[in-house]
Amino acid sequence: MILGNLSGVSEFRLMGFSEISHLQPLLFVVLLSLYILILVANTVIAYIINSDNTLHTPMYFFLTQLSCLDICYLSVIIPTILENLLVGTVSISKTRCAMQMFFFLFFGVAECFLLAAMSLDRYFAICYPLHYTITMSSRVCRSLVAGSYICGTAVGLVHTLITFTSPLCGSAINHFFCEIQPLLDLLCGNTFPSEIQVIVVAVFAILSPFLLIIYSYICIIATILQMASAESRQKAFSTCSSHLLVVTLFYGTAGSVYLRPKYSYCASVDKFLSLSYSVVTPLLNP
């Protein structure tokens, strides 16, 4: 750790997986394989949905957006991780680090709200099927997606500005990309106000859409249990189960990283959690 105010620092050092250097070659092969698989799977999904007119429905429209988000989301960080695994500690300019943080938050938060929009789609499809086509019109769907991107832009800008306009007392980031929590460790002096701002923004970006999803699924489950036919209940559950699994994993891991104070931060645990919501979730989506 370099002492003193380094707010004029021009680059950072990403420490990556230095604590498990003996496993880096294996991890490189695994992550590269998963990255290629995720890119191919999500690209195929988007292509099939766009080329088949029978799939031009709200549910598949949201799935297309989710596939595109996952591709962009992963492409922000995976190249840096792979470079880190190949050469060890990676030097990254301050500008590139800020851009990486912004786009990671932009796509990540947009996905949070998109998953909430998908839960609303299932809510109206199952609880109000007769009004579904009117309620979830193409205009409404496009507005929900646009709102997700607007929220992602706002959160990305706020977090990036808070972090990179504060005085720094270090340049070594104990992570494999420019994540918020390890960067907070580099801030000089009293970091409590910055931590509170991060948590407040995280509550808006993670907890708010999650509560909407919980409410939607409470109503969905109550409606499904009232269905007389076992076949109808099974069909309704099948359209929600994969979405619910992804939501649980994505919000559970992301919330455990962002919705807690800095003193409870553990670098090795947070690296594992970051891999879970940034790599495993996009793998499960297809």
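Just so you know, the numbers here start at 1 and follow the chain as drawn.
Positions of Cβ are set from backbone N, Cα and C atoms, glycine also.
Unlike curated entries, TrEMBL annotations are predicted automatically.
Record features, source TrEMBL:
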- 26-48: transmembrane segment (TRANSMEM)
- 41-286: domain 'G-protein coupled receptors family 1 profile' (DOMAIN)
- 60-82: transmembrane segment (TRANSMEM)
- 102-120: transmembrane segment (TRANSMEM)
- 140-162: transmembrane segment (TRANSMEM)
- 196-225: transmembrane segment (TRANSMEM)
- 237-259: transmembrane segment (TRANSMEM)
Contact check, the transmembrane segment (102-120) vs the transmembrane segment (196-225), 3+ Cβ pairs under 8 Å, seq sep 6+
yes
Counting only residues 6 or more past its boundaries, what in the same chain has a CB within less than 8 Å of a CB in the transmembrane segment (60-82)?
14, 16, 28, 31-32, 35, 38-39, 42-43, 45-46, 49-50, 90, 92, 100, 103-104, 107-108, 110-111, 114-115, 117-118, 121, 138, 141, 145, 148, 176-177, 278-279, 281-282, 285-286
For the domain 'G-protein coupled receptors family 1 profile' (41-286), the mean pLDDT of the predicted model
84
